[in-house]
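> One structure follows; several queries about it will come next.
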Amino acid sequence: MNASEFRRRGKEMVDYVADYLEGIEGRQVFPDVDPGYLRPLIPTTAPQEPETFEAIIEDIEKIIMPGVTHWHSPYFFAYFPTASSYPAMLADMLCGAIGCIGFSWAASPACTELETVMMDWLGKMLQLPEAFLAGEAGEGGGVIQGTASEATLVALLAARTKVTRHLQAASPELMQAAIMEKLVAYASDQAHSSVEKAGLIGGVRLKAIPSDGKFAMRASALQEALERDKAAGLIPFFVVATLGTTSCCSFDNLLEVGPICHEEGLWLHVDAAYAGSAFICPEFRHLLNGVEFADSFNFNPHKWLLVNFDCSAMWVKKRTDLTGAFRLDPVYLRHSHQDSGLITDYRHWQLPLGRRFRSLKMWFVFRMYGVKGLQAYIRKHVQLSHAFEALVRQDTRFEICAEVILGLVCFRLKGSNKLNEALLESINSAKKIHLVPCSLRDRFVLRFAICSRTVELAHVQLAWEHIQEMAATVLRAQGEEKAEIKN
């Protein structure tokens with residue numbers, strides 16, 4: 001493909017993408033395929049001779065689209081949103097065209113410097129404490145990670161290195177292995193599974209702190225665990241506080257947990273993967289109060305801030321905590337400015353070496369939407385979730401299972417887990433809408449997350465009517481089953 005054909009095909013692809021997104025409401029949200037459907041439809045080996053663009057596009061509709069779950073359908077209410085916007089897509093095209101691998105300032109100065117500035121822009125939108133911003137001479141700063149899972153792992157590994165070096169400096173005879181076997185990290189029992197995975201990868205034990213009646217980690221439960229473990233000769237070193245849990249969007253009490261971490265000298269990492277986007281709205285900023293106690297903070301613009309995947313924003317108060325843990329300088333990566341103190345080499349802030357020019361997406365989206373446009377988008381989703389909550393509360397067969405704060409509603413039929421499992425199965429089998437469940441205190445709960453950029457109140461109302469219809473069918477079947485047993 002030469003430049004001339006690329007121009008033509010590029011325009012065709014833009015039309016295809018625009019048509020797909022404009023018509024996505026008409027596509028079934030969840031596919032009608034079985035595991036392994038695709039392999040028989042594709043040759044077992046790559047073609048020896050070039051194929052045409054037309055043939056590939058034809059196969060997209062014939063082979064790929066039938067197996068796609070349409071995350072951007074206005075009838076997709078599962079998981080949490082994955083962001084998408086036209087400005088972000090255009091920026092991603094440019095990122096692919098430039099094709100730099102920005103592991104150091106010298107590898108692509110614009111890639112590095114735009115990321116630093118965009119992370120400061122975003123930090124100011126969130127009203128983060130000044131200590132988290134790079135500024136012109138700050139000790140902190142932001143970095144784009146691939147996912148919140150990566151950010152948590154990076155924070156844990158940096159904290160592990162920091163505490164190990166501190167203990168060895170005080171007692172040089174201590175071996176790293178002896179320290180490692182005593183290290184303990186903590187998170188709420190509602191924390192994301194990636195926190196547990198970080199502990200597994202980091203080789204440290206992770207303890208779940210029981211959450212309160214609102215599914216939040218509180219000071220008393222954390223303090224009790226710390227005292228018990230210290231008395232047993234263990235070494236607490238790392239705490240993850242979650243703002244907006246995956247199960248029910250609950251919020252750990254940062255204003256209680258933060259001071260304890262500060263007093264105990266524990267690294268506090270704040271994971272706000274979903275909820276963090278909402279903090280750009282003044283009315284939701286209070287949910288971030290206490291972040292001043294954190295050593296690191298992370299959220300995903302690629303969830304709810306119209307910047308498509310992958311773009312996970314992470315800030316640290318002391319960049320040397322990261323660079324001290326991950327810095328390696330082989331000859332082939334060195335450059336003349338690396339020790340000048342004037343530049344950032346982001347390879348020392350992350351696990352991989354390579355990195356894409358992801359800040360372009362942020363730059364395009366922030367400029368083309370403006371802060372007010374992004375705030376309006378967040379507020380619309382929150383309004384729709386409360387509209388759905390109101391519909392649920394009007395039907396006495398159902399109950400709300402957790403406080404509705406942002407764009408997620410947790411609800412269920414009053415009754416057994418088996419009944420609610422049957423309801424979810426019937427909803428997803430019909431494939432008009434798509435939901436996923438969670439477990440709250442051993443209760444099977446349905447999650448209704450406002451996800452699509454194009455979702456409107458009418459879609460929410462239609463979804464609720466469908467849920468009611470499925471509920472009536474399930475309840476009727478349950479009644480018939482009970483009648484048969486009785487007879």
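Just so you know, glycine gets a Cβ as well, placed from its N, Cα and C.
Straight out of Swiss-Prot:
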- Met1: N-acetylmethionine (MOD_RES)
- 58-178: region '2 X approximate tandem repeats' (REGION)
- 58-115: repeat '1' (REPEAT)
- Thr82, His192: substrate binding site (BINDING)
- 118-178: repeat '2' (REPEAT)
- Ala148, Ser149, Thr246, Asn300: pyridoxal 5'-phosphate binding site (BINDING)
- Lys303: N6-(pyridoxal phosphate)lysine (MOD_RES)
> Among the recorded positions Met1, Ser149, His192, Thr246, report those whose Cα falls within 10 Å of that of Lys303 (N6-(pyridoxal phosphate)lysine); none is a fine answer.
none
> What are the non-local neighbours of the residue listed as 'N-acetylmethionine', defined as same-chain residues 6+ apart in sequence with CB under 8 A from its CB?
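Listed in sequence order, they are Arg9, Phe53.
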> Beyond the listed site residues Ala148, Ser149, Thr246, Asn300, identify every same-chain residue whose Cβ lies within 8 Å of the center of their Cβ atoms for the pyridoxal 5'-phosphate site.
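What remains near the Cβ centre is Thr147, Ala151, Thr152, His192, Ser194, Asp271, Ala273, Tyr274, Asn298, Lys303, Ser312.
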> For the binding-site residues Thr82, Ser149, which one has its C-beta crowded by the most other C-beta atoms within 10 angstroms?
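Within the set of binding-site residues, the most crowded position is Ser149.
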> Among Thr246, Asn300, the binding-site residues in question, whose Cβ has the most other Cβ atoms within 10 Å in this structure?
Asn300
> Using only the Cα atoms of Ala148, Ser149, Thr246, Asn300, which the record gives as binding pyridoxal 5'-phosphate, return the largest interatomic distance in Å, rounded to a whole number.
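If we measure all Cα pairs in Ala148, Ser149, Thr246, Asn300, the largest is 13 Å.
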> At 10 angstroms around each C-beta, which of the recorded positions His192, Lys303 has the fewest other C-beta atoms nearby?
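The recorded positions His192, Lys303 were compared, and His192 has the fewest Cβ atoms within 10 Å.
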> How do the residues of the region '2 X approximate tandem repeats' (58-178) split into helix, strand and coil according to DSSP?
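Final tally across the stretch: 69 helix, 6 strand, 46 coil.
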> Round to a whole number and give the Cα-to-Cα distance in Å for the pair Asn300 (pyridoxal 5'-phosphate binding site) and His192 (substrate binding site).
14
> Using Cβ atoms only, which residues of the same chain lie under 8 Å from Ala148 (pyridoxal 5'-phosphate binding site) while being at least 6 residues apart in sequence?
His192, Ser194, Asp271, Ala273, Asn298, Phe299, Asn300, Ser312
> According to DSSP, collapsed to three classes, what secondary structure does His192 (substrate binding site) have?
coil
> Looking only at the repeat '1' (58-115), what is the model's average confidence as pLDDT?
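A mean pLDDT of 91 is what the predicted model shows over the repeat '1' (58-115).
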> Roughly how many Å lie between the Cα atoms of Ser149 (pyridoxal 5'-phosphate binding site) and Thr82 (substrate binding site), rounded to a whole value?
15
